[in-house]
Amino acid sequence: MMDETETGNLSRSLICLCSAELVMMINTTAFNVALPDIAESLGAGMAEQQWIVSSYNLVFAAVVLLAGFLGDRLGHLKTMLAGLMMFVVASAIGLVAGNVPVLLVSRAIMGAGAGVVIPMGQALLGILFRGPGLSRAMTAWAIAGTLGVPFGPLVGGALTATLGWRGIFGFDGVVFLAVIVVIRVNVPRRGASHGPRSLRMPWMSVAMMFAGFTLFSAGLVNAQHGILSVDAWIPMVVGVMLTTGFVLHDRASRNPLMELGLMRDRAFAACAPALMMLNFSMYGIIFIMPAYLETVLRHGALVGGMLLMPLVVASIVGARMDDWVVSRIGSRGASLMALGCLAAGMLTIGDAMWWPGETMRQSTAMIGQTVAGFGLGVGQPAMLTWAMGRVPVERSGAGSSLLTVFRQFGSIIGVGIFGSIQSGLYAAGFRDLARSAGLDLRSVGSVTLDFQQAAGSAGTMGDLMRQVASRAYESAMTGSFAAAAAVIGVTLGIVALISRRASR
């Protein structure tokens, strides 16, 4: 039995750690809603916008395993505070960024900070809480993350509408400094190292994984020109080869970066790709929808963020119902149900673009957001609790880092697949619709830039360009979300097979 003092300390620790994740996840997606403004301000096309988002996710994925490696040896709290400090530095750089390359540097440093903070927070929860307490702590953690991701566009929209997109960086700097102070004061140093294991850094493994993920992501971005184009399939093939080489090298290493032995557990192995699909879905929706809401429908950043609220509310409801769902159909059933909801939500959002009338399209898209959001809310705590409950305390840092790598890879392919399919279908649709309207026009890179070009054209020509761009973007969304639903459906089948003999 814990006394009241220890219970109070654990409660404060949980609040502090969840607050850190909430702010972190708000930051992750707050930036997406500012992409149309950044595109207009810095002249960023779709490919550059993909890199602005992907630079964060790529560095996140590269650093996250290193964070688990260091956290298990130096202490999880100390490592987490260092990650939060990276955000403060990155915010200062982003505040003065005058071009896309500087912005990419800022986002990359933020990705490094997130790659440290998220797995260290999960690891600390795994150390501070066990048994039923761990389930409740992971549910709280999942609610914070689930709230943060879709809530980000609302915060980003408000900041962009009032202070411009740079206001997001100013907000980050102040908030993360406050988070550092609060965590330093309230979270106990119970996450110290668990033994005299080697501190020799496995740099070769880090380099191979980062290069593999970067090349694969570059191939996905370039696939907007055609999946069979040389600049698409060659980077993807080389990326897969490097990533495979990383896995083989790490398995043979005496000082491995990744605890692949955890994948022998069927529950853990099933949760990894399932969690990957959660991020795939979240990042895909939040990458594609802002341009539709803000540019095509002309709602602006603040209203555009508010129109993503069905995703937020449904995620909260799903997370609150997680224990009830798991108690009736088990962790496996809850995980499979969550993936099914994601696939159904994607199909509904894509189908919405075929409905006549703007009101019907928006309403149907909101229903799709609601279904997908419920899947996100139920899935994340169920999967995290199921997986982390199978990880020994002394390997909690490595376990949470490995799961986070899968989640970040989901983010990378989410932005890459959604962005490339959307961009390719949009460019083709724009050309065909323009030809049907008797116009000799081609897209200049993104729907935001096309609307900007239309604003400079007088009278009927400008109106026709906007109509062509709007319809082309809506039509492309149907293809993008249908492809995403297919990817999730295949993953659902794989997860069902892997977890067939796993315990609840």
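Each residue, glycine too, has its Cβ placed from N, Cα and C.
Unlike curated records, TrEMBL annotations are generated automatically.
According to TrEMBL, the feature transmembrane segment maps to 12-31 (among others).
Residues or ranges marked as domain 'Major facilitator superfamily (MFS) profile' in TrEMBL: 13-503.
Same-chain residues lying 6 or more positions outside the transmembrane segment (51-70) and placing a CB less than 8 Å from one of its CB atoms are 28, 31-32, 35, 38, 44, 79, 83, 100, 103-104, 107-112, 114-116, 118-120, 123, 201-202, 205-206, 209-210, 213-214, 217, 221, 257-259, 283, 287, 397-402, 404-405, 408-409, 411-412, 415-416. TrEMBL lists 51-70 (among others) with the feature transmembrane segment.
Residues or ranges marked as transmembrane segment in TrEMBL: 82-102 (among others). For the transmembrane segment (82-102), same-chain residues at least 6 beyond its ends with a Cβ under 8 Å from one of its own Cβ atoms are 20, 24, 27, 42, 44, 48, 51-52, 67, 109-110, 112-117, 120, 166, 168-170, 172-173, 176-177, 179-180, 183.
Marked as transmembrane segment by TrEMBL: 108-129 (among others).
Long-range contacts of the transmembrane segment (141-161) within its own chain (CB-CB distance under 8 A, at least 6 residues past either end) are made by residues 17-19, 21-34, 37, 121-122, 125, 167-168, 171, 282, 286, 290, 300-306, 308-309, 311-312, 315-316, 318-320, 322, 373, 376-377, 380-381, 384. According to TrEMBL, the transmembrane segment annotation covers 141-161 (among others).
Per TrEMBL, the feature transmembrane segment maps to 167-187 (among others).
Per TrEMBL, the feature transmembrane segment maps to 227-248 (among others).
Annotation comment: TrEMBL describes 268-293 (among others) as transmembrane segment. Remote same-chain partners of the transmembrane segment (268-293), defined as residues 6 or more beyond its termini with a Cβ less than 8 Å from a stretch Cβ, comprise 29, 32-33, 35-36, 50, 53, 57, 149-150, 152-153, 262, 299, 301, 303-304, 307-308, 311, 332, 335, 338-339, 342, 345-346, 349, 365, 369, 372, 375-376, 379-380, 383-384, 386-387, 390-391, 399, 402-403, 406-411, 413-415, 417-419, 422, 446-448, 473-474, 477, 480-481, 484, 487-488, 491-492, 494-495, 498-499, 502.
Residues or ranges marked as transmembrane segment in TrEMBL: 333-355 (among others). For the transmembrane segment (333-355), same-chain residues at least 6 beyond its ends with a Cβ under 8 Å from one of its own Cβ atoms are 270-271, 274, 277-278, 281, 284-285, 318, 322, 325-326, 361-365, 367-376, 378-379, 382-383, 386, 474-475, 477-482, 484-485, 488-489, 491-492, 495-496, 499.
If you look up TrEMBL, you'll see 367-388 (among others) marked as transmembrane segment.
The transmembrane segment feature in TrEMBL is assigned to 409-429 (among others).
Among the features that TrEMBL reports, transmembrane segment is placed at 476-498 (among others). For the transmembrane segment (476-498), same-chain residues at least 6 beyond its ends with a Cβ under 8 Å from one of its own Cβ atoms are 266, 269-270, 273-274, 276-277, 280-281, 284, 288, 292, 335-336, 339-340, 342-344, 346-347, 349-351, 353-354, 368, 414, 417-418, 421-426, 429.
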Recorded stretch, among 12-31, 167-187, 227-248, 367-388, 409-429, maximising Cβ pairs under 8 Å relative to the transmembrane segment (108-129): 12-31
Cβ-Cβ under 8 Å with the transmembrane segment (227-248): same-chain residues at least 6 beyond its ends: 205, 208-209, 211-220, 258, 260
Sequence-remote partners of the transmembrane segment (12-31) [C-beta within less than 8 Å, at least six residues beyond its ends]: 52-53, 56, 80, 84, 87, 107, 110, 114, 117-118, 121, 124-125, 128-129, 137, 140-141, 143-145, 147-153, 155-156, 159, 165, 168, 172, 175-176, 179, 182-183, 186-188, 282-283, 286
Positions on the same chain near the transmembrane segment (409-429), where near means CB under 8 A and six or more residues out: 46-47, 49-50, 53-54, 57-58, 60-61, 213, 216-217, 220-226, 275-284, 287-288, 442-443, 446-447, 471-473, 475-477, 479-480, 483-484, 487
